[in-house]
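So the structure is just underneath, and the comments pick up after that.
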Amino acid sequence: MVEGSLIRNGPGKQRIGCDEFKHMFDGSALIRKFDIENGRVFYRSRFLRSKTFERNMACNRIVVSEFGTEAVPDPCKTLLDRFMAYFTIDKLFSDNDLVNIVEISDELYALSETPFITKIDKNNLSTLEHIDMRKYLAVNIATAHPHYDTDKNVYNIGSNFGCYSIVKIPKEKGFQQGSVVANIPAYRPFNPSYYHSFCLTENFFVFIEQALVLSVSTAITQHFFGGSNSNIFKWIPEYMNKFHLTSRQDGKELSHIYVSDPFMFFHTINAYEDNDHVIVDICCYNDDKVLQTLFMDAIKEAEADINSAKKQADYIRSQARRFVLPLIRFDDQLIIGQNLNRLENSSAVAVVSENFEIKCTPEALTEESAAMAEMPTINYKNFNGKKYRYFYALCRRDDLLCRLMKCDTRTKSIVLWEENNFYPSEPIFVPRPDAIDEDDGIILSSVISEIENNKGFLLILDAKSMKEIARAEMETPSYLPPDFHGYFC
């Protein structure tokens with residue numbers, strides 16, 4: 001039987017005083033933990049004591065802006081303090097690290113998409129240390145989805161003006177020895193891409209610039225005149241998505257340009273190399289409308305009206321797609337219109353365009369429907385960056401994200417788990433010790449009730465069959481909110 005701790009992160013407090021957070025990405029971070037010991041499960045949760053949380057609670061107002069929520073003027077500050085705040089990075093970023101939990105140098109950290117991360121105690125979830133990564137690494141923001149190599153070194157990608165920087169944090173020496181290992185020039189420096197995740201393979205970092213961009217001019221204006229951070233994001237459908245392949249050995253980017261029609265994404269699934277091709281699997285949306293459906297008013301409207309729910313479901317049509325990027329040798333003769341994908345049993349296309357860019361058209365791994373695949377996970381320990389077959393994800397039934405799915409990328413078959421009136425969280429794959437098969441393990445998911453919002457359970461599934469092995473039911477004194485991402489240790 002499995003033993004260990006599942007630690008998860010997500011928004012836990014949607015109101016402070018008379019102020020309400022306006023977007024799903026805004027609520028105060030709540031860390032939750034399931035300890036599995038000798039066949040028993042113990043649950044605890046604790047609010048992350050970020051500086052943002054402490055300021056908001058001290059003022060009993062939302063005084064730090066979040067993604068979709070504009071702050072009120074901080075009543076705890078003098079006029080001079082408020083004026084000087086315009087010239088600090090705290091004005092730009094909240095340290096409300098509500099997105100993910102990661103392990104760096106044997107310590108656990110909560111993080112989001114800012115330079116501020118928070119060390120937490122593995123045992124009691126207390127907040128231990130606030131860390132500004134800019135003191136150690138030359139990046140102003142970074143993703144909430146870093147990667148690990150086999151030695152447990154951590155890689156992440158962040159931004160500086162004009163480029164994206166891939167950074168490495170060594171396991172033994174941590175942030176103090178962190179370094180930039182590659183710089184990727186931004187295709188459009190004044191409209192840099194939004195990014196939530198990236199990939200790595202045996203030899204490459206894989207980074208995708210998408211048509212959802214951050215408007216630098218809007219950010220500067222808003223910095224002085226106010227507004228929520230969501231206003232700085234712009235969807236520009238005229239922009240092609242651009243795939244960057246950067247060598248893990250020397251940090252140099254391949255010279256050939258790979259592009260695709262525009263799509264928006266939060267999460268990559270996996271990437272790997274196969275017979276001189278790089279394969280990249282991504283959960284794709286056709287545009288950015290999904291961001292609008294996650295405003296709290298839109299969520300409440302969908303809950304109250306089935307027609308609104310169906311309309312919003314049309315906005316978030318998504319699909320798991322496979323892009324194939326052929327590796328081109330210097331002596332290859334490129335012919336306009338030529339499909340460079342030489343893989344067998346692959347319907348993806350990589351065509352040489354008139355300007356000698358490689359235009360990539362993906363192969364569909366799932367059908368396209370409302371939130372068909374989101375929050376994807378794999379057998380990360382054994383198959384990240386390697387040729388793999390299975391991924392696990394959330395998928396939608398009607399208007400609700402209420403199913404867990406297992407997708408076989410070879411046969412395109414899908415196996416589902418669902419239970420009426422319950423919402424599962426991101427599935428976490430835990431491999432069986434000494435397993436041989438890729439899917440030999442279990443799936444852990446934190447499940448909450450639609451009807452009784454203080455009840456839920458930890459679900460344990462057989463990862464091969466997606467059939468239930470066990471559940472640990474719980475009832476808490478207060479509301480059990482949904483969460484985003486987590487880590488098993």
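Using the three backbone atoms N, Cα and C, a Cβ is placed for every residue, glycine included.
Unlike curated entries, TrEMBL annotations are predicted automatically.
According to TrEMBL, the protein has these features:
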type: BINDING; residues: His145, His196, His267, His485; note: Fe cation binding site
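Of all Cβ atoms in the protein chains displayed, 16 besides its own lie within 10 Å of the Cβ of His196 (Fe cation binding site). Sequence-distant contacts of His145 (Fe cation binding site), defined by Cβ-Cβ distance under 8 angstroms and a gap of at least six in the same chain, are Asn100, His196, Ser197, Phe198, His267, His485. In the three-state DSSP classification, His145 (Fe cation binding site) falls within coil. Same-chain residues that are not part of His145, His196, His267, His485 yet have a Cβ within 8 Å of the Cβ center of the Fe cation site turn out to be Val99, Asn100, Thr143, Ala144, Ser197, Phe266, Met375. His485 (Fe cation binding site) falls within a strand segment according to DSSP.
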